[in-house]
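Structure, as structure tokens:
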Amino acid sequence: MATAEVRRTKLSFKGEKPLKKKKKQHREGRSREDEGDPQDWVFPDVPEQILGPTFILSPASSLSATYCLAYDSTRGRLNLSALAEDSPTDRPTEIPQVWVATRVAGTTSVNLRTPDGKFLSCDKYGVVSADSEARGPQEEWVAERVEGPAPEVKEEEDEDKPAVAPAEIHFGFKSVHGGWIGLDELAGGKLGVRGDAEKPEPWVVRVQKEWKFKAGEEERRRNEIDNPGKRRIDEVETNHNFQAWGAGRSVTSHEDTRELKKARKDGMLSEAMLDRRAKLKSDRFC
């Protein structure tokens, strides 16, 4: 005799309203642009966001072709390679085209490292190379946002209005000797790289999206450390991290928060929050 299959249902009571599914809220400081593939290549908004894998190009409208700042691992030297017409300009296609940007602790400088572990450097004569195995003052670069050429206007047949290409963000890289990375005309019509330009040469920089967000998180943490008086008052999060009693429950005080704001101005926010937590304790936990 075959037995009927029992259907499992969730226990509910008469008159009980169904629970609504909570939508995931975006984190504070994150926008819609942070969604998607974290490996996408995007423009950094500020120099502090140049971090991690980096793709550096020359502006397309300034030269007849688009050049990429790359590293020739076979000959072990810096290479300014021209991209093919069918090559994408929004992402690298080869490993030698990728530079790993790291920040120097306590400074605004950045180091650019090749996939082989060599650092981009510039001597006092303006010679740019990528053969240094250790970082030093000559391997430090200061990135500054500069104005680049105007975006190209593409004509469209179907519409009357021309289509404007998306605006690119340009950066200039200055060495410790005060010179800027720029293009240099060599013999035979070839182009090279020099580090003694008097004016900043605009370069198109792209970084991966996940590293751009990490740079923003580090900047926010640094601002909280440098400006403790402006620290955000989050009593629920603080009690959850430091409260050792309550069986996992986060208990907060019902007192007015104006005292905490006053204590933050006086630089006594941590002490005031500790006193509020101590008042919530029961005698059996003391």
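Yeah, the Cβs are placed from backbone N, Cα and C, and that goes for glycine too.
According to TrEMBL, the compositional bias 'Basic and acidic residues' annotation covers 1-18 (among others).
Summarising the annotation, TrEMBL assigns compositional bias 'Basic and acidic residues' to 136-147 (among others). If one looks beyond the compositional bias 'Basic and acidic residues' (136-147) by at least 6 residues along the same chain, the residues whose Cβ comes under 8 Å of a Cβ in the stretch are 46-47, 50, 104, 107-112, 119-123, 169-176, 181, 200, 202, 205.
Taken from TrEMBL, the feature region 'Disordered' applies to 1-43 (among others).
According to TrEMBL, the region 'Disordered' annotation covers 136-162 (among others).
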Please work out the helix, strand and coil residue numbers for the compositional bias 'Basic and acidic residues' (136-147) from the DSSP assignment.
3 helix, 6 strand, 3 coil
